[in-house]
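Asks: Per TrEMBL, the features are:
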- 1-42: region 'Disordered' (REGION)
- 19-29: compositional bias 'Acidic residues' (COMPBIAS)
- 75-316: domain 'AB hydrolase-1' (DOMAIN)
- S152: active site (ACT_SITE)
- D179: active site (ACT_SITE)
- H304: active site (ACT_SITE)
Amino acid sequence: MRGRPPIKPTHQFKRKDSSDDEDEKDEVPELGTGFSQPRGGRSYAPIPLESCFDSVTWLQDIPIYWSGNSGPVFLALHGAGLAASSYGPAARIAKTIPSQFVSFDFRGHGQNRKEIDEYNMVSEVMIAETLQVLDYVREQRPGSNIIVIGHSMGGAIASKACFEDQARGGKISGLIMLDVVEGSAIDALPHMDTIVNQRPKGFKSIEHAIQWAFQSNTVRNLDSARISIPSQIKTSSNGCTFRTDLKRTKEFWEGWFRGMNNAFLGVTAPKQLIIAGSDRTDRQMMIAQMQGKFKHTVLFDVGHLLHEDSPERFAAELKAFIDTFKVR
(Lines of atoms letter the chains of each structure in order from A; the text may use other names.)
(Lines give C-alpha, C1' and ligand atoms only; values in the text may rest on other atoms or scores of the structure.)
Protein backbone atom coordinates (compact mmCIF):
# COMPACT_ATOMS: atom_id res chain seq x y z
CA MET A 1 0.00 0.00 0.00
CA ARG A 2 1.22 3.44 -0.83
CA GLY A 3 2.10 5.79 1.98
CA ARG A 4 -0.74 8.18 2.76
CA PRO A 5 -0.19 11.85 3.55
CA PRO A 6 -0.44 12.62 7.26
CA ILE A 7 -3.83 13.85 8.38
CA LYS A 8 -4.09 17.51 9.21
CA PRO A 9 -3.41 17.52 12.95
CA THR A 10 -5.17 19.54 15.59
CA HIS A 11 -1.74 19.79 17.13
CA GLN A 12 1.52 18.99 15.38
CA PHE A 13 4.19 17.95 17.84
CA LYS A 14 7.22 20.22 17.68
CA ARG A 15 10.44 18.50 16.77
CA LYS A 16 13.64 19.12 18.65
CA ASP A 17 16.96 19.74 16.94
CA SER A 18 20.27 18.10 17.75
CA SER A 19 21.12 20.70 20.36
CA ASP A 20 18.28 19.58 22.63
CA ASP A 21 18.75 17.46 25.72
CA GLU A 22 20.04 13.95 25.05
CA ASP A 23 17.14 12.43 26.97
CA GLU A 24 14.61 13.98 24.59
CA LYS A 25 16.07 13.15 21.19
CA ASP A 26 13.49 12.28 18.60
CA GLU A 27 15.26 9.31 17.10
CA VAL A 28 13.30 6.24 16.05
CA PRO A 29 15.22 3.05 16.87
CA GLU A 30 15.35 0.28 14.33
CA LEU A 31 13.17 -2.71 15.05
CA GLY A 32 14.81 -4.80 17.76
CA THR A 33 17.43 -2.26 18.88
CA GLY A 34 15.43 -0.75 21.73
CA PHE A 35 16.17 2.42 23.63
CA SER A 36 19.57 3.31 25.03
CA GLN A 37 19.86 4.00 28.75
CA PRO A 38 20.58 7.63 29.68
CA ARG A 39 24.26 8.43 29.98
CA GLY A 40 25.82 9.10 33.33
CA GLY A 41 23.46 6.87 35.32
CA ARG A 42 19.70 6.62 35.52
CA SER A 43 17.49 9.53 34.66
CA TYR A 44 13.84 9.68 35.67
CA ALA A 45 13.13 12.72 33.53
CA PRO A 46 10.03 12.39 31.34
CA ILE A 47 10.51 11.59 27.66
CA PRO A 48 7.97 13.62 25.65
CA LEU A 49 5.30 11.88 23.61
CA GLU A 50 6.44 13.68 20.47
CA SER A 51 9.39 11.30 20.41
CA CYS A 52 6.86 8.51 19.76
CA PHE A 53 3.83 10.02 18.03
CA ASP A 54 3.79 12.46 15.12
CA SER A 55 0.59 14.33 15.92
CA VAL A 56 -2.58 14.42 18.00
CA THR A 57 -6.10 15.15 16.80
CA TRP A 58 -9.23 15.64 18.85
CA LEU A 59 -12.51 13.81 18.36
CA GLN A 60 -14.68 15.91 20.64
CA ASP A 61 -13.17 15.21 24.10
CA ILE A 62 -10.96 12.34 22.94
CA PRO A 63 -7.28 12.88 22.08
CA ILE A 64 -6.09 10.55 19.33
CA TYR A 65 -2.36 10.06 18.80
CA TRP A 66 -0.94 9.17 15.38
CA SER A 67 2.37 7.72 14.26
CA GLY A 68 3.53 6.71 10.78
CA ASN A 69 1.85 7.24 7.41
CA SER A 70 2.16 3.95 5.52
CA GLY A 71 1.24 0.33 6.03
CA PRO A 72 -1.61 -1.17 8.06
CA VAL A 73 -3.07 0.73 11.00
CA PHE A 74 -2.72 -0.59 14.54
CA LEU A 75 -5.45 0.93 16.73
CA ALA A 76 -4.43 0.33 20.35
CA LEU A 77 -6.65 0.49 23.46
CA HIS A 78 -4.95 1.01 26.82
CA GLY A 79 -5.74 -0.63 30.15
CA ALA A 80 -7.44 0.83 33.22
CA GLY A 81 -5.45 3.58 34.89
CA LEU A 82 -3.08 3.87 31.94
CA ALA A 83 -3.18 6.11 28.85
CA ALA A 84 -2.34 6.12 25.16
CA SER A 85 1.23 6.88 26.24
CA SER A 86 1.47 3.25 27.37
CA TYR A 87 1.85 2.42 23.67
CA GLY A 88 4.36 5.21 23.02
CA PRO A 89 7.44 2.96 23.10
CA ALA A 90 5.84 0.49 20.67
CA ALA A 91 4.55 3.25 18.38
CA ARG A 92 8.07 4.61 18.18
CA ILE A 93 9.36 1.30 16.85
CA ALA A 94 6.33 0.31 14.77
CA LYS A 95 7.09 3.01 12.20
CA THR A 96 9.94 0.84 10.99
CA ILE A 97 7.73 -2.19 10.21
CA PRO A 98 6.37 -0.05 8.39
CA SER A 99 2.96 0.58 9.90
CA GLN A 100 0.77 3.28 11.32
CA PHE A 101 0.08 3.32 15.04
CA VAL A 102 -2.92 5.03 16.61
CA SER A 103 -3.99 5.20 20.24
CA PHE A 104 -6.35 7.32 22.32
CA ASP A 105 -7.14 8.18 25.93
CA PHE A 106 -10.37 6.71 27.29
CA ARG A 107 -12.62 8.95 29.37
CA GLY A 108 -11.17 9.52 32.84
CA HIS A 109 -7.68 8.77 31.54
CA GLY A 110 -4.71 10.70 30.17
CA GLN A 111 -5.60 13.95 28.43
CA ASN A 112 -9.25 13.05 27.78
CA ARG A 113 -11.32 16.19 28.41
CA LYS A 114 -14.58 14.47 29.27
CA GLU A 115 -15.92 16.05 32.46
CA ILE A 116 -19.61 15.12 32.62
CA ASP A 117 -19.89 11.40 33.40
CA GLU A 118 -16.09 11.16 33.38
CA TYR A 119 -16.28 8.04 35.53
CA ASN A 120 -19.17 6.42 33.72
CA MET A 121 -17.00 3.55 32.52
CA VAL A 122 -19.66 0.91 32.14
CA SER A 123 -18.72 -1.56 29.42
CA GLU A 124 -21.35 -0.34 26.95
CA VAL A 125 -20.10 3.25 27.18
CA MET A 126 -16.48 2.21 26.64
CA ILE A 127 -17.50 0.09 23.65
CA ALA A 128 -19.42 3.00 22.14
CA GLU A 129 -16.40 5.27 22.63
CA THR A 130 -14.17 2.72 20.92
CA LEU A 131 -16.51 2.37 17.94
CA GLN A 132 -16.61 6.15 17.64
CA VAL A 133 -12.81 6.24 17.40
CA LEU A 134 -12.74 3.25 15.03
CA ASP A 135 -15.14 5.02 12.67
CA TYR A 136 -13.03 8.17 12.85
CA VAL A 137 -9.85 6.25 12.02
CA ARG A 138 -11.61 4.70 9.02
CA GLU A 139 -12.59 8.17 7.83
CA GLN A 140 -9.04 9.44 8.19
CA ARG A 141 -7.42 6.36 6.67
CA PRO A 142 -9.90 5.16 4.01
CA GLY A 143 -8.92 1.82 2.53
CA SER A 144 -6.33 1.04 5.20
CA ASN A 145 -6.35 -2.33 6.92
CA ILE A 146 -6.98 -1.86 10.64
CA ILE A 147 -5.75 -4.21 13.35
CA VAL A 148 -7.20 -3.55 16.81
CA ILE A 149 -5.04 -4.11 19.89
CA GLY A 150 -6.23 -4.09 23.49
CA HIS A 151 -4.37 -4.47 26.78
CA SER A 152 -6.10 -5.71 29.94
CA MET A 153 -9.36 -3.70 30.23
CA GLY A 154 -8.62 -2.41 26.74
CA GLY A 155 -8.44 -5.99 25.48
CA ALA A 156 -11.86 -6.80 26.89
CA ILE A 157 -13.38 -3.65 25.40
CA ALA A 158 -11.58 -4.20 22.08
CA SER A 159 -12.98 -7.72 21.76
CA LYS A 160 -16.55 -6.61 22.46
CA ALA A 161 -16.26 -3.54 20.23
CA CYS A 162 -14.88 -5.56 17.32
CA PHE A 163 -17.63 -8.17 17.73
CA GLU A 164 -20.26 -5.40 17.72
CA ASP A 165 -18.58 -3.72 14.75
CA GLN A 166 -18.71 -7.02 12.88
CA ALA A 167 -22.44 -7.32 13.63
CA ARG A 168 -23.08 -3.90 12.09
CA GLY A 169 -21.15 -4.85 8.93
CA GLY A 170 -17.74 -3.45 9.81
CA LYS A 171 -14.52 -5.21 8.90
CA ILE A 172 -11.17 -5.24 10.64
CA SER A 173 -8.03 -7.06 9.56
CA GLY A 174 -6.99 -8.38 12.96
CA LEU A 175 -7.54 -8.39 16.72
CA ILE A 176 -4.75 -8.74 19.28
CA MET A 177 -5.35 -9.08 23.03
CA LEU A 178 -2.57 -8.41 25.51
CA ASP A 179 -2.35 -10.31 28.80
CA VAL A 180 -6.06 -10.70 29.45
CA VAL A 181 -8.59 -13.52 29.28
CA GLU A 182 -11.98 -13.63 30.95
CA GLY A 183 -11.48 -16.42 33.46
CA SER A 184 -8.17 -15.19 34.85
CA ALA A 185 -9.41 -11.59 34.97
CA ILE A 186 -12.58 -12.51 36.90
CA ASP A 187 -10.57 -14.70 39.28
CA ALA A 188 -8.23 -11.78 39.99
CA LEU A 189 -10.97 -9.28 40.88
CA PRO A 190 -11.11 -10.17 44.62
CA HIS A 191 -7.45 -9.16 44.85
CA MET A 192 -7.78 -5.90 42.95
CA ASP A 193 -8.71 -3.82 46.00
CA THR A 194 -5.41 -4.75 47.63
CA ILE A 195 -3.46 -3.90 44.49
CA VAL A 196 -5.21 -0.55 44.09
CA ASN A 197 -4.74 0.32 47.78
CA GLN A 198 -1.02 -0.37 47.49
CA ARG A 199 -0.59 2.41 44.94
CA PRO A 200 0.97 5.55 46.40
CA LYS A 201 -1.45 8.32 47.35
CA GLY A 202 0.78 10.88 45.67
CA PHE A 203 4.27 11.90 44.59
CA LYS A 204 6.51 14.91 45.04
CA SER A 205 7.00 15.18 41.29
CA ILE A 206 6.50 13.34 38.01
CA GLU A 207 10.12 12.19 38.28
CA HIS A 208 9.30 10.54 41.61
CA ALA A 209 6.29 8.83 39.99
CA ILE A 210 8.51 7.48 37.21
CA GLN A 211 11.04 6.30 39.78
CA TRP A 212 8.32 4.50 41.74
CA ALA A 213 6.95 2.81 38.60
CA PHE A 214 10.37 1.50 37.65
CA GLN A 215 11.66 0.53 41.09
CA SER A 216 8.38 -1.20 42.00
CA ASN A 217 8.61 -3.26 38.79
CA THR A 218 5.29 -1.85 37.64
CA VAL A 219 7.12 -0.94 34.43
CA ARG A 220 10.33 -2.93 33.99
CA ASN A 221 11.77 -0.76 31.26
CA LEU A 222 12.96 2.65 32.49
CA ASP A 223 12.66 4.42 29.15
CA SER A 224 9.12 3.12 28.75
CA ALA A 225 8.23 4.44 32.20
CA ARG A 226 9.65 7.83 31.26
CA ILE A 227 7.31 7.88 28.26
CA SER A 228 4.14 6.35 29.71
CA ILE A 229 3.91 7.57 33.31
CA PRO A 230 3.65 11.38 32.83
CA SER A 231 0.24 11.06 31.11
CA GLN A 232 -1.01 8.99 34.05
CA ILE A 233 -0.20 11.75 36.54
CA LYS A 234 -1.90 15.06 37.27
CA THR A 235 -0.11 17.89 39.03
CA SER A 236 -1.32 20.55 41.43
CA SER A 237 0.12 22.92 44.00
CA ASN A 238 0.02 20.00 46.46
CA GLY A 239 2.14 17.71 44.29
CA CYS A 240 1.24 14.87 41.94
CA THR A 241 -1.45 12.21 42.05
CA PHE A 242 -2.73 9.56 39.67
CA ARG A 243 -4.94 10.97 36.93
CA THR A 244 -7.38 8.07 37.24
CA ASP A 245 -8.90 7.09 40.58
CA LEU A 246 -9.19 3.34 40.09
CA LYS A 247 -11.34 2.98 43.21
CA ARG A 248 -14.08 4.88 41.40
CA THR A 249 -14.04 2.31 38.61
CA LYS A 250 -14.58 -0.74 40.83
CA GLU A 251 -18.27 -1.12 40.02
CA PHE A 252 -17.38 -1.59 36.35
CA TRP A 253 -14.59 -4.16 36.65
CA GLU A 254 -16.64 -7.32 36.29
CA GLY A 255 -18.71 -5.87 33.45
CA TRP A 256 -15.58 -5.14 31.45
CA PHE A 257 -14.47 -8.75 31.43
CA ARG A 258 -17.71 -10.77 31.42
CA GLY A 259 -18.34 -12.09 27.93
CA MET A 260 -15.00 -11.00 26.49
CA ASN A 261 -13.87 -14.54 25.55
CA ASN A 262 -16.98 -15.24 23.49
CA ALA A 263 -16.66 -11.85 21.82
CA PHE A 264 -13.00 -12.45 21.01
CA LEU A 265 -13.63 -15.91 19.60
CA GLY A 266 -16.67 -14.65 17.69
CA VAL A 267 -14.63 -12.14 15.71
CA THR A 268 -13.87 -13.73 12.33
CA ALA A 269 -10.72 -11.69 11.60
CA PRO A 270 -7.29 -13.19 12.37
CA LYS A 271 -6.63 -13.08 16.10
CA GLN A 272 -3.74 -13.32 18.52
CA LEU A 273 -3.45 -13.54 22.29
CA ILE A 274 -0.13 -12.44 23.78
CA ILE A 275 0.34 -13.20 27.46
CA ALA A 276 3.12 -12.70 29.99
CA GLY A 277 3.58 -16.25 31.23
CA SER A 278 1.85 -19.53 30.45
CA ASP A 279 -0.36 -19.44 33.57
CA ARG A 280 -2.34 -16.38 32.43
CA THR A 281 -5.06 -18.10 30.44
CA ASP A 282 -8.26 -20.02 31.16
CA ARG A 283 -9.87 -23.29 30.12
CA GLN A 284 -12.06 -21.83 27.38
CA MET A 285 -9.15 -20.10 25.71
CA MET A 286 -6.87 -23.12 26.11
CA ILE A 287 -9.40 -25.28 24.26
CA ALA A 288 -9.88 -22.64 21.57
CA GLN A 289 -6.12 -22.37 21.18
CA MET A 290 -5.80 -26.13 20.65
CA GLN A 291 -8.54 -25.87 18.04
CA GLY A 292 -6.44 -23.32 16.18
CA LYS A 293 -8.88 -20.45 16.57
CA PHE A 294 -6.20 -17.87 17.26
CA LYS A 295 -2.47 -17.39 17.39
CA HIS A 296 -1.17 -17.84 20.93
CA THR A 297 2.09 -16.28 22.11
CA VAL A 298 3.77 -16.34 25.51
CA LEU A 299 6.40 -13.73 26.32
CA PHE A 300 8.70 -14.44 29.23
CA ASP A 301 10.69 -12.04 31.42
CA VAL A 302 7.99 -9.38 31.14
CA GLY A 303 5.20 -8.30 33.46
CA HIS A 304 1.57 -7.37 32.89
CA LEU A 305 2.69 -4.30 30.91
CA LEU A 306 4.44 -6.52 28.39
CA HIS A 307 4.25 -3.94 25.59
CA GLU A 308 6.12 -1.47 27.80
CA ASP A 309 8.53 -3.94 29.37
CA SER A 310 9.78 -5.13 25.99
CA PRO A 311 8.50 -2.86 23.20
CA GLU A 312 11.00 -4.43 20.82
CA ARG A 313 9.57 -7.94 21.22
CA PHE A 314 6.04 -6.58 21.12
CA ALA A 315 6.73 -4.71 17.88
CA ALA A 316 8.31 -7.87 16.48
CA GLU A 317 5.06 -9.70 17.26
CA LEU A 318 3.11 -7.03 15.39
CA LYS A 319 5.35 -7.46 12.36
CA ALA A 320 5.01 -11.25 12.56
CA PHE A 321 1.22 -10.87 12.71
CA ILE A 322 0.95 -8.83 9.52
CA ASP A 323 3.44 -11.12 7.79
CA THR A 324 1.66 -14.31 8.88
CA PHE A 325 -1.79 -13.10 7.90
CA LYS A 326 -0.55 -11.07 4.92
CA VAL A 327 -2.05 -7.78 6.09
CA ARG A 328 -0.79 -4.90 3.99
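Positions of Cβ are set from backbone N, Cα and C atoms, glycine also.
All TrEMBL annotations are machine predictions without curation.
Would you situate these features in the structure and describe their surroundings?
Replies: According to DSSP, S152 (active site) sits in a coil region rather than a helix or strand. Same-chain residues at least 6 positions away in sequence with a Cβ under 8 Å from that of S152 (active site) are, in sequence order, G79, A80, L82, L178, D179, V180, A185, H304.
The Cβ neighbour count for D179 (active site), using a 10 Å radius and every protein chain shown, is 24.
Residue environment of H304 (active site) contains 19 other Cβ atoms, counted within 10 Å of its Cβ in all protein chains.
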